[in-house]
Amino acid sequence: MTGVEQRPYRAGFGCFVGRPNAGKSTLTNAIVGTKIAITSNKPQTTRHVIRAVLHRPESQLVLVDTPGLHRPRTLLGERLNDLVRTTWTEVDVIGLCIPADEPVGRGDRFISGELSELKATVLAVVTKTDLVDKRRLAEQLLAVSELGDFAAVVPVSAVSGHQVDTLVDVMTGHLPPSPQLYPDDMLTDEPEQVLVAELIREAALEGVRDELPHSIAVVVEEMIPEGQLTKIYADLYVERPSQKAIVLGHRASRLKEVGTTARRQIEELLGTRVYLDLHVRVAKEWQRDPKQLRKLGF
Ligand SMILES: Nc1nc2c(ncn2[C@@H]2O[C@H](COP(=O)(O)OP(=O)(O)OP(=O)(O)O)[C@@H](O)[C@H]2O)c(=O)[nH]1
Ligand SMILES: [Mg+2]
């Protein structure tokens, strides 16, 4: 016995769940310190399970960003919910995200009920605390803590950074002693091609409304590195010709803007200059069509 207590290295998986738009992806990015998951003010932005890794000297927290759980209206919606529920069974710690600025609702109660049957440790995370005053936050913390039997209730703001480190400490505290799971420096295991497609989709979501955000899908067909330049050929899918017209804009002016915004982000990601060739195509009702879904990677 040396008398010096050594804490074991801990590593494991965590995930944030919650209604669409609760701030799960923004929080995941804030914790890892890099933009890995795309975010937007449209519900159901996340469509893939994305892993983002936080490396610390004494721990490794692998965050699995999942789509928002919702009442599915299409085959795509059902597939997304399935992804979420599979993830729940595979992680060590779950953070149920509830925005500080919205009343606790039926959706939250429903999700909380499902979580209580899992073996993972469940925390409640009150997100977007920068949007409310102290009194409102106190009320929300109380309402949330009455929602279920949580190991902790943590208020956090991904935008101001308030309490982000505290949340990480709480989550890693619930990870098992384990050897490192991912190599040093590895921030995500998502293929570059997918990250690029997501950045294009994020740019395309900007400024579109109603059903259109749900109808947009992006596939990167080819990425060709040529020295300091990467040539990227990508297709942006919509479900109807009328949507194609909106995405293109007058004389393709909207599409050009989308391309410019996406290109800047992709250049940052890849660290090279980027030539982006973007085409808009119609895949009729792809959200409901198993064959099309497969083609689009779902
Ligand atoms: N003010 C503020 N806004 C936030 C915060 N976190 C997220 N948001 C905003 O909330 C919106 C939704 O954020 P996302 O991270 O995309 O939400 P999500 O839960 O991943 O949504 P889905 O992927 O659709 O399920 C975006 O407009 C974010 O900018 C926060 O801490 N403060
Ligand atoms: Mg998301």
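Every residue gets a Cβ built from N, Cα and C, even glycine.
Taken from TrEMBL, the feature region 'G1' covers 18-25. Summarised by DSSP class, the composition of the region 'G1' (18-25) is 2 helix, 0 strand, 6 coil.
Of all Cβ atoms in the protein chains displayed, 21 besides its own lie within 10 Å of the Cβ of Leu69 (GTP binding site). Secondary structure at Leu69 (GTP binding site), as computed by DSSP, is coil. Marked as GTP binding site by TrEMBL: 18-25, 65-69, 127-130.
The region 'G2' annotation in TrEMBL covers 44-48. Residues 20-21, 24-25, 37-38, 65-68, 70, 76-77, 80, 83, 190, 194, 198, 202, 205, 213-214, 297-298 of the same chain sit 6 or more residues outside the region 'G2' (44-48) yet have a Cβ under 8 Å from a Cβ within it.
Residues or ranges marked as region 'G3' in TrEMBL: 65-68. Sequence-distant neighbours of the region 'G3' (65-68) (same chain, 6+ residues past either end, Cβ-Cβ under 8 Å): 15-22, 24-25, 28, 36-37, 43-44, 46-52, 80-81, 83-84, 87.
Assigned with DSSP, the residues of the region 'G4' (127-130) fall into helix, strand and coil as follows: 2 helix, 1 strand, 1 coil. Look at TrEMBL and you will find 127-130 tagged as region 'G4'.
Below 8 angstroms of C-beta separation, residues 18, 22-23, 27, 97-101, 137, 155-160, 162-163 of the same chain, each at least six residues beyond the ends of the region 'G4' (127-130), sit close to that stretch. Between the binding-site residues Asn21, Thr66, Thr66 has the most other Cβ atoms inside 10 Å of its own Cβ, all protein chains included.
For Gly18 (GTP binding site), the Cβ neighbour count at a 10 Å cut-off comes to 26, with all displayed protein chains included.
Secondary structure by DSSP for the region 'G2' (44-48): 0 helix, 0 strand, 5 coil. Taking the Cβ of Lys24 (GTP binding site) as reference, residues of its chain lying under 8 Å away and at least six apart in sequence are, in sequence order, Phe16, Val17, Gly18, Thr46, Asp65, Thr66, Gly68, Cys97. In this structure, the binding-site residues that sit close to ligand 2, with a C-beta under 6 angstroms from any of its atoms, are Lys24, chosen from Gly18, Asn21, Lys24.
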